[in-house]
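Enquirer: Here it is: the structure, laid out below.
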Amino acid sequence: MALGEDDILSVPFKYFVFCIGGLPSSALLICVLLSLFLHFDQATSTHCEVANWLPSISAAVSTYTPEKYIWRILIGLHIGPRLVVAVAFRNFLMSSPLRPYIGSKQFKFLCNIACGLNLLENFFLLALTSISSSEDHSLHAKCFGGFAISSIIYMILSTWLFSESGRRRATNLGERSYEYKILGASIFVVCFFLGGYLYWRHNTYCEPGIYTLFALVEYSAVLSNIFFHCTLYYDFHGKNIALTSSFGSSHYNLLPTQIEKDT
């Protein structure tokens, strides 16, 4: 798309979605496969030495070389687009012409809360990437808890705000995005509680194969989280994120808040 008169940079939104979806998915797949082929015995070992055939995410992405470096690089690259998207989605909701005018201040406040939770989710993800369970198990576990809780609250709140803003009923794509958001959030919540149960059962009873099921649930939770965030493809379908200059002055607005229709 050609740049507008005041545009410094204009990027199709779909490329941001490719980054926030493709980079972490690729990182997870590559790290799990490398762990299975290069470090199978170590990555699948358990404290009670029962049969296990898949590494947990922590074992696959943060313990062995080169997996931990691949994970850190790809997740680090995807954080930038995630931060841009967090701000853009907040503005997308707040600028909806169909948003409620009764209680508009509360609606905008909740949009800011949702944006903050999204940023907090990214902070915990970055901390999980930087601090492995082998380096500091307690801190790693706390970061995981923070990531999961902020993710769940953000998914529920942002889905509700998406519906309340009127964006859901504005187009067929809006309705599809809403349904996919519900699906992604539901799978993530189920995986969170099911994973907790399987982890408890493994540590309590040390049954063969239970940790493998736990690993599968972990993978599903991560992929459902990615799927949820990729619903932004429908929200910003055919649009661009533009970096624009402020009219009439030399000051530049560096927040990527201008959403353009792709023509």
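Placed from the backbone N, Cα and C atoms, the Cβ positions cover glycine too.
Straight from TrEMBL, here's the annotation block:
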- 13-238: domain 'CWH43-like N-terminal' (DOMAIN)
- 15-37: transmembrane segment (TRANSMEM)
- 109-132: transmembrane segment (TRANSMEM)
- 144-162: transmembrane segment (TRANSMEM)
- 182-200: transmembrane segment (TRANSMEM)
- 212-234: transmembrane segment (TRANSMEM)
Enquirer: Any residues 6+ beyond the ends of the transmembrane segment (109-132) with a Cβ under 8 Å from its own?
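Expert: Non-local partners: 58, 61-63, 68, 71-72, 75-76, 79, 82-83, 86-87, 89-90, 93-94, 139-140, 143-144, 146-147, 150-151, 153-154, 157-158, 161.
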Enquirer: For the domain 'CWH43-like N-terminal' (13-238), provide the mean pLDDT of the predicted model.
Expert: 93
